[in-house]
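Going by TrEMBL, these are the annotated features:
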- B:28-50: transmembrane segment (TRANSMEM)
- B:56-78: transmembrane segment (TRANSMEM)
- B:99-127: transmembrane segment (TRANSMEM)
- B:133-153: transmembrane segment (TRANSMEM)
- B:160-184: transmembrane segment (TRANSMEM)
- B:204-221: transmembrane segment (TRANSMEM)
- B:242-264: transmembrane segment (TRANSMEM)
- B:284-314: transmembrane segment (TRANSMEM)
- B:343-363: transmembrane segment (TRANSMEM)
- B:378-400: transmembrane segment (TRANSMEM)
- B:412-432: transmembrane segment (TRANSMEM)
- B:438-455: transmembrane segment (TRANSMEM)
- B:464-487: region 'Disordered' (REGION)
- B:471-487: compositional bias 'Low complexity' (COMPBIAS)
Amino acid sequence: MSMHVVVATDGSKQSLAAARHLRALAAPEALSAVTVLAVVRPLAAVSFVDELSGTGREDAASSVASFRDAAKASIDVIAAVFDGWGPKVHRKVRSGSPANEIIKVAEQVDAGLVVVASGGRGLSDRVLLGSTAQRVQQYAPCPVLVVRPAPKRRRA
Amino acid sequence: MADPAHVHDLASELDDDNLQRSISGWLLFFYVLGDVLGSGIYVLIGAVAAAVGGAFWLAFLAGVTVATLTGLAYAELVTKHPQAAGAALYVSKAFRRPFLTFIITICMLSATFAAAGSLATGFSSYFAQVWELPPPLLIAVIFVASLAVVNFIGITESVVANMVMTFVEVAGLAVVVLIGVVYVSRGEADFSVLVQFDTDGSPVFAVVAGAALAFFAMTGFENAANVAEETVDPSRNFPRALIGGMVGAGIIYVIVAMTAALTVPIDTLAESDAALLEVIKADIIPVPVGVMTTIFAIVAMVAITNTTLVALVTQSRILYGMAREDVVPGVFAKVHAARRSPWVALVFSALVVTTLLAVGHTLDAAGIGGSSGVVERLATVTVVFTLVIYALVIVAAFVLRRDERPADTFRAPTALLGIGIVGNAGLLVYVVVDDPTSLLWCAGLLALGLLLYVVERFFGRRGETRPPPGTARTTSTSTTSTGEEHR
């Protein structure tokens with residue numbers, strides 16, 4: 001019995017940490033495939049922020065804001081985490097509401113696990129509820145691994 | 001599943017469903033319609049009526065026509081370059097002059113600042129119809145601040161919410177049209193009003209004056225480029241939805257303008273802060289006026305909110321984009337960790353709009369601002385900037401025709417684009433000659449853009465937001481995560 005894992009990225013470093021976490025704890029033989037998913041939000045102030053890849057500098061001259069390219073660049077960085085690990089890696093860009101799209105993809109590929117990062121640390125995470133990770137863990141058709149940032153120092 | 005180790009080298013390909021995009025042709029149509037409808041008719045109809053007289057629907061017709069011709073150029077360019085950057089991208093590709101690109105970007109930014117200020121003031125006028133107590137400036141500032149918060153938290157990507165907003169806007173204008181139909185069918189209408197000019201000078205100038213203001217009512221369509229990248233089959237859907245939305249909005253505008261002229265004395269329209277409400281107050285349909293007034297004021301506020309939200313999104317996108325390119329300080333590219341929103345850009349934009357409002361109201365109160373109020377002043381400033389941008393975009397469309405054309409791009413009729421350039425340039429000359437003080441405001445906003453540029457030139461570099469690939473900073477950040485603790 002093997003399982004398909006969906007790893008979601010919002011372009012944040014925390015999502016890279018989540019991907020590494022999966023690789024650290026799962027046995028590759030148990031997985032049939034990994035789908036790395038990025039969701040572009042067309043109506044948001046900034047549709048996708050890629051903080052993972054170092055590219056983008058070179059096309060600076062051309063004032064091109066291709067959010068889709070930013071999403072693909074982030075996916076490439078995340079997918080590289082699973083290089084040579086075993087399971088086949090799929091890449092997907094979707095657009096819309098991140099939580100909805102993550103859940104839809106999880107249903108489509110009949111996922112056995114969804115991995116998401118929860119970027120919030122501190123006040124905003126506590127005051128402004130309703131983040132993507134929260135909605136995914138509420139409505140996903142399978143178990144969800146939410147990788148949160150380490151607490152600052154004290155408890156580590 | 002086959003042996004995974006052998007399969008994984010195929011993994012560099014994106015899945016074939018990576019073309020999944022969320023904005024359909026219909027959705028884009030409603031996005032354009034909603035964005036355009038909110039911006040002008042509720043806010044400016046009184047001012048346009050004052051400029052022209054009973055025939056002010058002609059001014060709307062002229063403004064809509066020039067804007068739609070410009071829309072054709074946008075449609076052509078978007079199908080060639082479906083990225084979110086809009087005018088700045090086209091100008092950059094066409095002329096390859098970084099300075100020109102920078103100026104046009106600052107113009108875009110300034111136009112949205114001024115537009116948001118004008119819209120916020122319009123919002124406060126309608127708000128006063130429901131609750132008169134709070135001072136309008138306070139309401140306008142709270143309005144801008146709350147929209148910034150909404151953008152920070154993230155506006156819903158829900159298709160339904162956007163459709164509902166647009167339907168509410170259309171419904172509000174449909175009520176106005178219905179009143180007109182009832183009025184006409186009773187045989188009370190005096191159609192001679194529709195060809196009446198209330199100015200001393202030539203009717204042509206009156207129409208041009210009105211058209212320049214009515215033009216503001218069409219601005220916003222270019223923000224459709226925001227979602228170009230996520231449009232399904234853009235080369236087919238984008239031209240249809242964009243032009244369809246603009247023509248649709250134009251028809252609604254002309255009919256609403258005619259209705260207002262027929263049902264309300266022009267003087268009353270001209271003096272009202274919330275002119276479309278006068279049509280409701282004319283008490284033509286058998287619904288209590290008080291109830292209708294409140295409902296209609298709320299509809300107007302929804303419409304204005306919808307358009308202002310898009311303006312604020314565009315602002316923060318432009319600032320974010322410029323910061324990523326090191327044109328303005330990198331701090332504007334700062335994105336909140338959990339919300340993925342460019343919070344510095346949002347706060348800054350809200351502050352600039354608030355300052356515009358405060359300065360406008362102060363000048364108004366002191367009686368220095370000239371005859372026109374804050375709404376018109378800022379609308380004029382928006383129009384000056386957008387006319388410059390639109391004219392350049394059409395020129396860019398011509399220039400970029402030198403490039404080889406990908407197979408299925410939309411090509412706008414050349415003659416219409418030519419008329420579009422003349423129209424934009426003509427309106428621009430008129431606005432500047434008619435109201436030279438608006439240039440001071442424009443200069444102020446441009447100076448702000450230059451200031452940011454200078455700050456980046458002299459103090460930049462140190463504050464890079466993005467480390468080069470594989471630097472120590474990237475690795476150290478990820479090792480602080482729980483993901484690494486288990487290793």
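Glycine is no exception: its Cβ is also placed from the backbone N, Cα and C atoms.
Same-chain neighbours of the transmembrane segment (B:133-153): 116-117, 120-121, 123-125, 127, 305, 308-309, 312-313, 316, 336, 339, 341, 343, 346-347, 349-350, 353-354, 357-358, 361, counting only residues six or more beyond its ends whose CB sits under 8 Å from a CB of the stretch.
For the transmembrane segment (B:412-432), the residues of the chain that approach it from at least six positions outside its boundaries are 65-66, 69-70, 72-73, 75-76, 205, 208-209, 211-212, 215, 380, 383-384, 387-388, 390-391, 394-395, 397-398, 438-439, judged by C-beta separation under 8 angstroms.
Counting Cβ pairs under 8 Å to the transmembrane segment (B:438-455), the top-ranked stretch among B:28-50, B:56-78, B:242-264, B:284-314, B:378-400 is B:378-400. Long-range neighbours of the transmembrane segment (B:204-221) within the same chain, counting only residues 6 or more positions beyond its ends whose Cβ lies under 8 Å from a Cβ of the stretch, are 32, 35-36, 38-41, 43-44, 47-48, 51-53, 55-56, 58-60, 62-64, 66-68, 71, 74, 111, 115, 118, 197-198, 242, 245-246, 249-250, 253, 307, 310-311, 376, 379-380, 382-383, 386-387, 426-427, 430-431, 434. Long-range contacts of the transmembrane segment (B:242-264) within the same chain, counting only residues at least 6 positions beyond its ends with a Cβ under 8 Å from a Cβ of the stretch, are 28-33, 36-37, 40-41, 45, 48-49, 54-57, 59-61, 64-65, 67-68, 71-72, 74-75, 78, 170, 173, 176-177, 179-180, 183-184, 189-191, 193-194, 214, 217-218, 221, 224, 275-276, 278-279, 282, 284. Cβ atoms under 8 Å from those of the transmembrane segment (B:378-400) belong to residues 40, 43-44, 47, 67, 69-70, 73-74, 76-77, 80, 87, 90-91, 93-95, 104, 107-108, 110-111, 114-115, 117-118, 121, 212-213, 215-216, 219, 222, 356, 360, 372, 412, 417, 420-421, 424-425, 427-428, 431-432, 435, 438-439, 441-442, 445 of the same chain, restricted to positions at least 6 beyond its ends.
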